[in-house]
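First up is the structure itself, then whatever we jot down about it.
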Amino acid sequence: MPRAPHSMPLLLLLLLSLPQAQTAFPQDPIPLLTSDLQGTSPSSWFRGLEDDAVAAELGLDFQRFLTLNRTLLVAARDHVFSFDLQAQEEGEGLVPNKFLTWRSQDMENCAVRGKLTDECYNYIRVLVPWDSQTLLACGTNSFSPVCRSYGITSLQQEGEELSGQARCPFDATQSTVAISAEGSLYSATAADFQASDAVVYRSLGPQPPLRSAKYDSKWLREPHFVYALEHGDHVYFFFREVSVEDARLGRVQFSRVARVCKRDMGGSPRALDRHWTSFLKLRLNCSVPGDSTFYFDVLQSLTGPVNLHGRSALFGVFTTQTNSIPGSAVCAFYLDDIERGFEGKFKEQRSLDGAWTPVSEDKVPSPRPGSCAGVGAAALFSSSQDLPDDVLLFIKAHPLLDPAVPPATHQPLLTLTSRALLTQVAVDGMAGPHRNTTVLFLGSNDGTVLKVLPPGGQSLGPEPIILEEIDAYSHARCSGKRSPRAARRIIGLELDTEGHRLFVAFPGCIVYLSLSRCARHGACQRSCLASLDPYCGWHRFRGCVNIRGPGGTDVDLTGNQESMEHGDCQDGATGSQSGPGDSAYVLLGPGPSPETPSSPSDAHPGPQSSTLGAHTQGVRRDLSPASASRSIPIPLLLACVAAAFALGASVSGLLVSCACRRANRRRSKDIETPGLPRPLSLRSLARLHGGGPEPPPPPKDGDAAQTPQLYTTFLPPPEGGSPPELACLPTPETTPELPVKHLRASGGPWEWNQNGNNASEGPGRPRGCSAAGGPAPRVLVRPPPPGCPGQEVEVTTLEELLRYLHGPQPPRKGSEPLASAPFTSRPPASEPGAALFVDSSPMPRDCVPPLRLDVPPDGKRAAPSGRPALSAPAPRLGVSGSRRLPFPTHRAPPGLLTRVPSGGPSRYSGGPGRHLLYLGRPDGHRGRSLKRVDVKSPLSPKPPLATPPQPAPHGSHFNF
């Protein structure tokens, strides 16, 4: 076996260096707590008015949240509901204190247009505070959008209706965002019934109305608007759209941020008249860095500015493409990074099928296109209408900038690839006792809410921590006529930090949750502090409490060591109490199940499960959240795997090499084993039974070279040797045998041996028949050389031969008589040629001619030293015409112990007076015992070349 390749160290080095060049993809964190809403009060849910038959059938049809002055406004189908958050804090259920009803008056015409009845209601899609006293609301109004003004406190209509075109979409499924800034309404939506004209529009103010370019894919291409923000001198719009710069990849969506100047007055009559002159857009890059960047391109939700590491940032939820591997990510973008991105280079497409490349600075006109007139680079121009035409034409053809806005931490704050897709985000940037902790609340499309600590904050590590996972969906209250998948999707999140609540909106209902569930820790201080919940703290007398609640300022945030070691951990739900020294593990559930003890030094629980009602149940694990979220470095893991593989391959290769060498050594020594019998000469058989002379001394080197082959075998030759030729003997199918007539045998003994493959036993007697009348293989024992007395004896088996060699044996009785009697009555053959050929009857199809065993005679030739090698080349056997053996003619050829066909002698049968040993072909060609044999001495038709042997006295031994 070849030795292990020398390239193994190189392969090991390659495997060790490969992980260094790759960045491991972040793993999904494991939630520390899993909860559901079992036992939650029914008053925490709101589905619509009790007397509303449509709401009872379809549900709420939630559209939008808006919080104003401790009042929560909920826009829905045909209604706007107002909830007093102060009353909710006092224990009242989720019941609106007032609401407005605005139904469509054009439902009949909507049905004529081919729309379904469920689509023809008035869905309130826009809800914007116009000032401190007025609320602007716009509805689809059966595909005829209309806007109205309402008083915030009274919810009574004020003024006349306005057209909602370009302010509100026609269809409830189309996206829209709107914001009021400096007395004007900035909206982004579809401006026509077919949603083919996407528009960013300004109206209802002292400034002239402006819009984006119509039907220009460079400006907007099938956008889905998500959020609008006023910041500084600009209004920002966040959306996703079908990419124009990567159109060769198909319909790939990119996340964008676009901005316009609030003081923009439009262009001149020659260019961009009544259109934006400051419209620019950038790509938002939310991706996992590495050799091949993995992008989360589809923006789903965005928050307002939140403090992150001392800087104002926006938090967004991004997902992968719809036809890609499902995955979600949370990325934060600093506002100053977004502003800096709008100072980047412009991008253009020089040819129709060409790539988008940055525009060189020498081709950009001055002042910089997109600048606000009167400030900055365009300070010399008091109005955008005074800008040069080349600037206006350039900004019309180059609204896209390069490069993309990077995330705040250069990578996502959280990535999820094995869970449901995230759809909504809400951020509390002032959590914790010192109001400096950021907590993310994330909604998904399967109805779960995640409470997450982002990395770098209180998580004390580079990995995020999922503090809690809550299943907030209730099929009984929120299903309606929608599909189960659509009904479970969370489409809105609203934080009430003062009331310590989170409002979760589904298409059919809304529900509110507490931001924390500190009471579940009971009287276990270790569990309370190890939960890492920024809303929970330990009170000396009240246990684990909410730090925002009554007495929340008098809490112990670090814990007393003596209290943690000797205090009791009590389950608040069941009242069971653990002994001293028990860990923070509390079995939250009914029943007297014992608690799981652990080391007192470990104060960090792991994943647990609980419910929000009286029936709580869960398990916590004995790991800190920080250490639990950290995994083994991927490079180290791959290096260990590669080293283990290389070590195992080396050891296994060494073992296999040793085993092969040992097998070759055994094969060369030809060890006799019961499972692998080999052909034996008669001399060997005689010696095994105590007969025959002692073996001659080992020959000299010169004589050993002349030693011929003693026998052949079916054993495979060693490497480098020629395979046995008996394995490929011709068959009757491949070598047809024709009847031979009037052939005459050669007079020489060696030619008689060459033609002996067609010899028969004699005239008038079927070949292959024994004395008993059945076919049996024959054994012909060659007489001893001249000068040695011998005796012709015929036996039926090798056993009889061995018994004869030991001495005189009594005659057989029964079914095994000696075969000497039939031979005495056999008439002698008149010609040698009559006994040299067999009939032309073919052999059986599945029969391979057996081997021939020749007994070497004693002579002056050197005896082989030891046993002959199994791989000695075998004599070539055939069924064709005669050939001379490659032996000298001046001496008799060496005897060979070879297997021959049972039907008669082979072409290498000896001449007259030469006795051969024929053995039947063993089953399977190897490894089987020899069959019954018959020892015969054929009558010599011609005098032999040497002196004929004389009969030996009975009982004497053969000399071989």
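Placement of Cβ uses the backbone N, Cα and C atoms for every residue, glycine included.
The signal peptide annotation in Swiss-Prot covers 1-23 and is backed by sequence analysis.
Marked as domain 'Sema' by Swiss-Prot on the basis of sequence analysis: 29-515.
Its Cβ placed at the centre, Asn69 (N-linked glycosylation site) has 9 other Cβ atoms within 10 Å. Under DSSP, Asn69 (N-linked glycosylation site) is assigned to coil, being neither helix nor strand in the three-state scheme. Per Swiss-Prot, the feature N-linked glycosylation site maps to Asn69 (among others).
Per Swiss-Prot, disulfide bond is recorded for Cys110-Cys120 (among others), and the stated evidence type is sequence analysis. Counting Cβ atoms from all protein chains shown, Cys120 (disulfide bond) has 22 others lying within 10 Å of its own Cβ. Secondary structure at Cys120 (disulfide bond), taken from DSSP and collapsed to helix, strand or coil, is coil.
Feature annotation from Swiss-Prot assigns disulfide bond to Cys138-Cys147 (among others). Its Cβ taken as reference, Cys147 (disulfide bond) is surrounded by 25 other Cβ atoms within 10 Å in the chains shown.
The annotation disulfide bond is assigned in Swiss-Prot to Cys261-Cys372 (among others) on the grounds of sequence analysis. When secondary structure is read from DSSP and collapsed to three states, Cys372 (disulfide bond) falls in the coil class.
In the three-state DSSP classification, Asn285 (N-linked glycosylation site) falls within coil. Long-range Cβ contacts of Asn285 (N-linked glycosylation site) within its own chain (separation 6+, distance under 8 Å): Tyr295, Pro403, Ala404, Val405, Pro406, Pro407. Taken from Swiss-Prot, the feature N-linked glycosylation site applies to Asn285 (among others).
Within 10 Å of the C-beta atom of Cys331 (disulfide bond) sit 28 other C-beta atoms, taking all shown protein chains into account. Residues or ranges marked as disulfide bond by Swiss-Prot on the basis of sequence analysis: Cys286-Cys331 (among others).
Marked as N-linked glycosylation site by Swiss-Prot on the basis of sequence analysis: Asn436 (among others). Asn436 (N-linked glycosylation site) falls within neither a helix nor a strand when secondary structure is assigned with DSSP, and so counts as coil.
Here Swiss-Prot flags Cys478-Cys509 (among others) as disulfide bond, drawing on sequence analysis. Cys478 (disulfide bond) falls within a helix when secondary structure is assigned with DSSP.
Residues annotated as disulfide bond in Swiss-Prot: Cys518-Cys536 (among others). In sequence order, Cys528, Asp533, Tyr535, Cys536, Gly537, Cys544, Val545, Asn546 make up the list of same-chain residues 6 or more apart from Cys518 (disulfide bond) whose Cβ falls under 8 Å from its Cβ.
Per Swiss-Prot, the feature disulfide bond maps to Cys524-Cys569 (among others). In the three-state DSSP scheme, Cys524 (disulfide bond) is classed as coil.
What Swiss-Prot lists as disulfide bond is Cys528-Cys544 (among others), and the listing cites sequence analysis.
Look at Swiss-Prot and you will find 555-624 (among others) tagged as region 'Disordered'.
Annotation source Swiss-Prot lists transmembrane segment at 636-656.
Here Swiss-Prot flags 657-960 as topological domain 'Cytoplasmic', drawing on sequence analysis.
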The disulfide-bonded residues listed are Cys120, Cys478, Cys509; by CA-CA distance, the one closest to Cys372 (disulfide bond) is Cys120
Have a look at the disulfide-bonded residues (Cys110, Cys528) and report the one with the fewest Cβ neighbours inside 10 Å.
Cys110
If you draw a 10 Å sphere on the Cβ of Asn436 (N-linked glycosylation site), how many other Cβ atoms land inside?
14
Looking only at the disulfide-bonded residues Cys110, Cys138, Cys286, Cys509, Cys524 (disulfide bond) has its closest CA neighbour at Cys509
Does DSSP put Cys518 (disulfide bond) in a helix, in a strand, or in coil?
helix
Across the domain 'Sema' (29-515), average pLDDT on the 0 to 100 scale
92
Just to confirm: which same-chain residues, 6+ apart in sequence, have a Cβ under 8 Å from the Cβ of Cys138 (disulfide bond)?
Ile124, Arg125, Val126, Pro145, Val146, Cys147, Arg148, Gly164, Arg167, Cys168, Ala178
Fill in the CA-CA distance, Cys509 (disulfide bond) to Cys286 (disulfide bond), as an integer in Å.
31
Number of Cβ atoms other than its own within 10 Å, given for Cys372 (disulfide bond):
22
